[in-house]
Amino acid sequence: MNQSDSITIVGAGLAGSEAAWQVARAGIHVELYEMRPLKASPAHHTADFAELVCSNSFGALSADRAAGLLQEELRYLNSFVINSADKHSVPAGGALAVDRSRFSADITEKITSHPLITVKRVELQKLPSEEQITVIASGPLTSKNLAEDLKNFTGIQECHFFDAASPIIAGESIDLRFAFRGSRYDKGDADYINCPMNKKQYLSFRDELIKAEQAELKDFEKSSSNFFEGCLPIEELARRGEDTMRYGPLKPIGLWDPRWGDLNNREIRREKRAYAVVQLRQEDREGKLWNLVGFQTNLKWGEQKRVLRMIPGLQNADFVRFGVMHRNTFLESPKLLNASLQFRKRAKLLAAGQITGTEGYVAAVAGGWLAGTNAALLAMGHKPIIFPRNTMIGALTHFISDWELRSDSNRKNSFQPMPPNFGVLPKLTTQIKEKRARYAAYRDRALDELKASIRNHTCLAQELGISKLPIYRS
């Protein structure tokens, strides 16, 4: 197989795996480059594709939530990765969380066994030739050599921020005499383990977090202390203020241990309710592994063990994985990309995933779907798909590719990653004050326009006699 007969995809993370599958589903050969395990990254632990290095959650399931809406759009588009996430989901209240080992193993097995996908376990150090259709989905941990070549190609200094992952605890080591099962506001089943704290416990815990020794940054990381606001280390939250954690990952609202008594009794509620609550979310289907929700950290491992064992119920916690922090690299996309995810200066070069400046697992999958589908369309000589801004996938890709959609003050500042959120969608034509109803209206409009845009493109494809386009769900 000649390289000219195939599409090159760099990186087998969430975006790269999705892109590879969409290209192959269109009947086109793929050369998929993945440097692991030949060259390790600072955050990955395995050689599997689509390894989840931070949380195991893809966010809210409900389509009237931003991440849930993007998931629903991807289900309609028959996303390979979201289908696998649904297949390997674990209980998580109203969220889509997965058994990360089974999920990644499933993705890896399906891709490596696909007859149209050739996997190359080598580091691609330079961009392929201009004639080669290529999707760069190398992720936020892009290797130094490729990042340098991208910087030379774009002529723009790389952007980066620090990201971190939470520790994982062995379930059998959690003491349920001090913790309880339950979901916030009793949504779904009792899918979380909750560790309540009184005020004295919380303040002592915060003090020790602030005093705890952090892991030393690598030389290339010391020049910056930028954090992505959606994934701040817990010790950074502790430093920001006495109540910051209580209004963030440790918020106690909506959580009640039945052993405390009648929730409807005002006196009991006032006396017993927790001052703060640490939540643990199930990592695997069997419930043997639990991650500390929102506890991304860069503390030294010994300090993690010492401080986190102050949490009620975790006095004897067995740490299966400690938290880590690493630097994430991304492109200054508004200066470089179109909403089709093509580079403006090279139409056959596309980018997808977190390297484009979208944040979160579902956004990475969406970018992979769009870049892979558009790469296939380019190979067949057709125009790429650009989704309307009223869809979540379209809103995100327009937002990262158009400076005009950012406020004047934001345009003056450096580009920062953007997760799925309703703020990037255009306003509704009618004002709806009630939040849930407003979000439901965004959802309905987005799904209607997504389906219409796909129908229109499919009709065009049928008119032109193209039978190899990906099959969409009706």
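Glycine is no exception: its Cβ is also placed from the backbone N, Cα and C atoms.
Quick look at what Swiss-Prot annotates:
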BINDING   Gly11, Ala12, Gly13, Leu14, Ala15, Gly16  FAD binding site
Per DSSP, three-state class assigned to Gly16 (FAD binding site): helix
Residues close to FAD site centre defined by Gly11, Ala12, Gly13, Leu14, Ala15, Gly16, Cβ within 8 Å: Ile9, Ser17, Glu18, Ala19, Phe49, Ala50, Ala137, Ser138, Gly139, Ala352, Gly353, Ala364, Gly368
Largest tally of Cβ atoms lying within 10 Å of a Cβ, found at which of the binding-site residues Leu14, Ala15: Ala15
Other C-beta atoms that fall within 10 angstroms of the C-beta of Gly13 (FAD binding site): 32
Where Gly11 (FAD binding site) sits in the secondary structure, as DSSP reduces it to three classes: coil
Same-chain residues at least 6 apart in sequence whose Cβ lies under 8 Å from Gly16 (FAD binding site): Ile9, Val10, Leu32, Glu34, Phe49, Val135, Ala137, Ser138, Gly139, Ala352, Gly353, Gly368
Same-chain residues at least 6 apart in sequence whose Cβ lies under 8 Å from Ala12 (FAD binding site): Ala20, Leu32, Tyr33, Glu34, Phe49, Ala50, Ile111, Val119
CB within-chain contacts under 8 A for Gly11 (FAD binding site), separation at least 6: Tyr33, Glu34, Ile136, Ala137, Ser138, Gly139, Thr142, Gly353
